[in-house]
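Participant: Submitted below is the structure of interest, expressed as C-alpha coordinates.
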(Lines of atoms letter the chains of each structure in order from A and count residues from 1; the text may use other names and numbers.)
(Lines give C-alpha, C1' and ligand atoms only; values in the text may rest on other atoms or scores of the structure.)
Protein backbone atom coordinates (compact mmCIF):
# COMPACT_ATOMS: atom_id res chain seq x y z
CA UNK A 1 0.00 0.00 0.00
CA UNK A 2 2.75 2.50 0.93
CA UNK A 3 4.16 4.64 -1.85
CA UNK A 4 7.68 5.96 -1.12
CA UNK A 5 7.05 9.16 -3.13
CA UNK A 6 3.94 9.90 -1.07
CA UNK A 7 4.51 9.71 2.68
CA UNK A 8 0.82 9.43 3.61
CA UNK A 9 -2.00 7.74 1.73
CA UNK A 10 -4.67 10.07 0.36
CA UNK A 11 -7.19 8.95 2.95
CA UNK A 12 -4.89 10.17 5.73
CA UNK A 13 -4.38 13.55 4.13
CA UNK A 14 -8.13 13.91 3.74
CA UNK A 15 -8.69 12.89 7.37
CA UNK A 16 -6.31 15.60 8.54
CA UNK A 17 -8.05 18.23 6.44
CA UNK A 18 -11.45 17.32 7.91
CA UNK A 19 -10.01 17.28 11.45
CA UNK A 20 -8.18 20.62 11.02
CA UNK A 21 -11.38 22.25 9.80
CA UNK A 22 -13.54 20.62 12.48
CA UNK A 23 -11.66 21.97 15.50
CA UNK A 24 -12.07 25.72 14.80
CA UNK A 25 -15.65 25.08 13.59
CA UNK A 26 -16.62 23.41 16.87
CA UNK A 27 -14.77 26.01 18.98
CA UNK A 28 -16.49 28.93 17.24
CA UNK A 29 -19.89 27.20 17.72
CA UNK A 30 -19.14 26.63 21.39
CA UNK A 31 -18.07 30.25 21.92
CA UNK A 32 -20.97 31.79 20.00
CA UNK A 33 -23.56 29.68 21.92
CA UNK A 34 -26.29 30.50 19.42
CA UNK A 35 -27.42 27.66 17.16
CA UNK A 36 -29.48 29.88 14.87
CA UNK A 37 -26.54 32.20 14.23
CA UNK A 38 -23.90 29.50 13.61
CA UNK A 39 -26.30 27.44 11.50
CA UNK A 40 -27.24 30.34 9.24
CA UNK A 41 -23.64 31.57 8.88
CA UNK A 42 -22.36 28.02 8.27
CA UNK A 43 -25.03 27.30 5.65
CA UNK A 44 -24.10 30.53 3.82
CA UNK A 45 -20.38 29.70 3.89
CA UNK A 46 -20.98 26.11 2.75
CA UNK A 47 -23.18 27.30 -0.14
CA UNK A 48 -20.35 29.64 -1.17
CA UNK A 49 -17.67 26.92 -0.76
CA UNK A 50 -19.67 24.43 -2.87
CA UNK A 51 -20.36 27.07 -5.52
CA UNK A 52 -16.77 28.36 -5.78
CA UNK A 53 -14.30 26.53 -8.02
CA UNK A 54 -12.36 25.26 -4.99
CA UNK A 55 -10.23 22.15 -5.28
CA UNK A 56 -11.35 19.07 -3.30
CA UNK A 57 -8.86 19.64 -0.46
CA UNK A 58 -10.34 23.08 0.31
CA UNK A 59 -13.86 21.69 0.08
CA UNK A 60 -12.86 19.08 2.69
CA UNK A 61 -11.18 21.59 5.02
CA UNK A 62 -13.75 24.39 4.76
CA UNK A 63 -16.88 22.48 3.79
CA UNK A 64 -16.83 19.08 5.52
CA UNK A 65 -14.51 20.13 8.34
CA UNK A 66 -15.25 23.75 9.24
CA UNK A 67 -18.87 24.32 8.12
CA UNK A 68 -19.94 20.78 9.09
CA UNK A 69 -18.68 21.30 12.64
CA UNK A 70 -19.66 24.97 12.94
CA UNK A 71 -23.28 24.09 12.23
CA UNK A 72 -25.23 21.59 14.28
CA UNK A 73 -28.48 19.73 14.09
CA UNK A 74 -28.45 17.92 17.43
CA UNK A 75 -28.56 20.83 19.86
CA UNK A 76 -31.14 22.63 17.72
CA UNK A 77 -33.33 19.50 17.95
CA UNK A 78 -32.84 19.23 21.73
CA UNK A 79 -33.72 22.94 22.04
CA UNK A 80 -36.89 22.53 19.92
CA UNK A 81 -38.02 19.33 21.65
CA UNK A 82 -37.50 21.01 25.04
CA UNK A 83 -39.70 23.92 23.94
CA UNK A 84 -42.37 21.48 22.71
CA UNK A 85 -42.24 19.50 25.98
CA UNK A 86 -42.82 22.76 27.84
CA UNK A 87 -45.88 23.45 25.70
CA UNK A 88 -44.17 26.35 23.93
CA UNK A 89 -45.34 25.17 20.50
CA UNK A 90 -45.31 28.60 18.92
CA UNK A 91 -41.72 29.27 20.01
CA UNK A 92 -40.65 25.86 18.69
CA UNK A 93 -42.42 26.39 15.36
CA UNK A 94 -40.97 29.89 15.10
CA UNK A 95 -37.44 28.64 15.77
CA UNK A 96 -37.85 25.82 13.24
CA UNK A 97 -39.35 28.08 10.58
CA UNK A 98 -36.79 30.85 11.05
CA UNK A 99 -33.82 28.44 11.03
CA UNK A 100 -35.07 26.50 7.98
CA UNK A 101 -36.14 29.58 6.03
CA UNK A 102 -32.91 31.47 6.61
CA UNK A 103 -30.81 28.31 6.19
CA UNK A 104 -32.30 27.38 2.81
CA UNK A 105 -32.13 30.99 1.62
CA UNK A 106 -28.52 31.69 2.54
CA UNK A 107 -27.31 28.27 1.31
CA UNK A 108 -28.84 28.98 -2.12
CA UNK A 109 -27.58 32.57 -2.13
CA UNK A 110 -24.06 31.53 -1.14
CA UNK A 111 -24.02 28.90 -3.87
CA UNK A 112 -25.19 31.37 -6.53
CA UNK A 113 -22.57 33.95 -5.47
CA UNK A 114 -19.82 31.31 -5.51
CA UNK A 115 -20.96 30.01 -8.89
CA UNK A 116 -20.35 33.46 -10.43
CA UNK A 117 -16.63 32.91 -9.88
CA UNK A 118 -16.55 29.72 -11.94
CA UNK A 119 -15.23 29.97 -15.49
CA UNK A 120 -18.55 28.46 -16.62
CA UNK A 121 -20.58 30.52 -14.12
CA UNK A 122 -24.25 31.37 -14.53
CA UNK A 123 -23.33 35.01 -15.04
CA UNK A 124 -21.18 34.39 -18.14
CA UNK B 1 -3.96 34.91 36.01
CA UNK B 2 -1.96 31.65 36.32
CA UNK B 3 -2.67 29.41 39.30
CA UNK B 4 0.28 27.16 40.25
CA UNK B 5 -2.02 24.36 41.46
CA UNK B 6 -3.84 24.32 38.13
CA UNK B 7 -1.52 24.19 35.13
CA UNK B 8 -4.16 25.32 32.61
CA UNK B 9 -7.02 27.76 33.06
CA UNK B 10 -10.50 26.20 32.88
CA UNK B 11 -11.20 27.74 29.51
CA UNK B 12 -8.25 25.85 28.00
CA UNK B 13 -9.34 22.53 29.47
CA UNK B 14 -12.83 23.11 28.09
CA UNK B 15 -11.42 24.02 24.67
CA UNK B 16 -9.50 20.76 24.53
CA UNK B 17 -12.58 18.74 25.46
CA UNK B 18 -14.62 20.36 22.68
CA UNK B 19 -11.77 19.85 20.18
CA UNK B 20 -11.20 16.19 21.18
CA UNK B 21 -14.89 15.45 20.74
CA UNK B 22 -15.17 17.39 17.48
CA UNK B 23 -12.51 15.46 15.55
CA UNK B 24 -14.08 11.97 15.78
CA UNK B 25 -17.54 13.50 15.28
CA UNK B 26 -16.51 15.17 12.03
CA UNK B 27 -14.58 12.09 10.83
CA UNK B 28 -17.56 9.77 11.42
CA UNK B 29 -19.86 12.21 9.57
CA UNK B 30 -17.41 12.39 6.67
CA UNK B 31 -17.11 8.60 6.46
CA UNK B 32 -20.85 7.90 6.78
CA UNK B 33 -21.70 10.45 4.04
CA UNK B 34 -25.38 10.45 4.98
CA UNK B 35 -26.68 13.61 6.64
CA UNK B 36 -30.02 12.09 7.63
CA UNK B 37 -28.35 9.17 9.39
CA UNK B 38 -25.71 11.19 11.30
CA UNK B 39 -28.23 13.89 12.21
CA UNK B 40 -30.74 11.43 13.64
CA UNK B 41 -28.10 9.40 15.51
CA UNK B 42 -26.41 12.56 16.82
CA UNK B 43 -29.73 14.06 18.01
CA UNK B 44 -30.52 10.82 19.87
CA UNK B 45 -27.08 10.72 21.53
CA UNK B 46 -27.26 14.41 22.50
CA UNK B 47 -30.73 13.95 23.99
CA UNK B 48 -29.33 11.08 26.05
CA UNK B 49 -26.18 13.03 27.06
CA UNK B 50 -28.24 16.06 28.17
CA UNK B 51 -30.65 13.82 30.08
CA UNK B 52 -28.00 11.73 31.84
CA UNK B 53 -26.42 13.04 35.05
CA UNK B 54 -23.08 13.60 33.32
CA UNK B 55 -20.65 16.12 34.72
CA UNK B 56 -19.99 19.26 32.61
CA UNK B 57 -16.70 17.96 31.19
CA UNK B 58 -18.45 14.94 29.62
CA UNK B 59 -21.24 17.13 28.33
CA UNK B 60 -18.60 19.29 26.62
CA UNK B 61 -16.71 16.32 25.13
CA UNK B 62 -19.70 14.23 24.04
CA UNK B 63 -22.37 16.88 23.62
CA UNK B 64 -20.76 20.06 22.29
CA UNK B 65 -17.73 18.33 20.76
CA UNK B 66 -18.84 14.96 19.41
CA UNK B 67 -22.58 15.33 18.75
CA UNK B 68 -22.22 18.95 17.61
CA UNK B 69 -19.68 17.95 14.98
CA UNK B 70 -21.27 14.61 14.06
CA UNK B 71 -24.49 16.38 13.11
CA UNK B 72 -24.65 19.13 10.56
CA UNK B 73 -27.08 21.73 9.37
CA UNK B 74 -25.11 23.28 6.51
CA UNK B 75 -24.82 20.34 4.11
CA UNK B 76 -28.44 19.35 4.75
CA UNK B 77 -29.46 22.90 3.75
CA UNK B 78 -27.27 22.83 0.63
CA UNK B 79 -28.80 19.43 -0.27
CA UNK B 80 -32.36 20.71 0.22
CA UNK B 81 -31.79 23.98 -1.63
CA UNK B 82 -30.22 22.04 -4.53
CA UNK B 83 -33.33 19.81 -4.69
CA UNK B 84 -35.58 22.89 -4.66
CA UNK B 85 -33.53 24.60 -7.39
CA UNK B 86 -33.99 21.45 -9.52
CA UNK B 87 -37.75 21.67 -9.02
CA UNK B 88 -37.77 18.53 -6.83
CA UNK B 89 -40.03 20.15 -4.23
CA UNK B 90 -41.54 16.90 -3.02
CA UNK B 91 -38.12 15.33 -2.41
CA UNK B 92 -36.96 18.46 -0.56
CA UNK B 93 -40.11 18.55 1.59
CA UNK B 94 -39.83 14.82 2.27
CA UNK B 95 -36.19 15.16 3.32
CA UNK B 96 -36.99 18.14 5.56
CA UNK B 97 -40.03 16.45 7.13
CA UNK B 98 -38.26 13.14 7.71
CA UNK B 99 -35.15 14.76 9.19
CA UNK B 100 -37.12 17.10 11.46
CA UNK B 101 -39.67 14.49 12.54
CA UNK B 102 -37.08 11.85 13.38
CA UNK B 103 -34.69 14.43 14.87
CA UNK B 104 -37.28 15.88 17.26
CA UNK B 105 -38.53 12.43 18.20
CA UNK B 106 -35.18 10.83 18.98
CA UNK B 107 -33.86 13.92 20.81
CA UNK B 108 -36.89 13.79 23.14
CA UNK B 109 -36.68 10.01 23.50
CA UNK B 110 -32.94 10.10 24.26
CA UNK B 111 -33.51 12.81 26.85
CA UNK B 112 -36.31 10.86 28.57
CA UNK B 113 -34.20 7.68 28.65
CA UNK B 114 -31.22 9.57 30.07
CA UNK B 115 -33.40 11.31 32.65
CA UNK B 116 -34.41 7.92 34.11
CA UNK B 117 -30.82 7.53 35.33
CA UNK B 118 -30.91 10.74 37.37
CA UNK B 119 -31.42 10.38 41.11
CA UNK B 120 -34.36 12.76 40.72
CA UNK B 121 -35.51 11.07 37.50
CA UNK B 122 -39.05 11.11 36.20
CA UNK B 123 -39.36 7.38 36.84
CA UNK B 124 -38.74 7.58 40.60
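Cβ atoms here come from the backbone N, Cα and C positions, even for glycine.
Bear in mind that the values here come from a model prediction, so they are computed numbers and not experimental data.
What Swiss-Prot lists as Na(+) binding site is A:68, A:71. Marked as transmembrane segment by Swiss-Prot: A:8-28, A:34-54, A:60-80, A:93-113.
Quick one: where do these features end up spatially?
Facilitator: Annotation note: residue A:68 (Na(+) binding site) sits in a helical segment as assigned by DSSP. Of all Cβ atoms in the protein chains displayed, 32 besides its own lie within 10 Å of the Cβ of residue A:68 (Na(+) binding site).
Outside the transmembrane segment (A:8-28), and at least 6 residues removed from its termini, the chain residues within Cβ reach (under 8 Å) are 1-2, 38, 42, 57, 60-71.
Sequence-remote contacts of a segment are chain residues at least 6 beyond its ends whose Cβ falls under 8 Å from one of its Cβ atoms, and for the transmembrane segment (A:34-54) they are 25, 28, 62-63, 66-68, 70-72, 75-76, 79, 95, 98-99, 102-104, 106-119.
Long-range contacts of the transmembrane segment (A:93-113) within the same chain, counting only residues at least 6 positions beyond its ends with a Cβ under 8 Å from a Cβ of the stretch, are 35-36, 39-40, 43-51, 76, 79-80, 83, 122.
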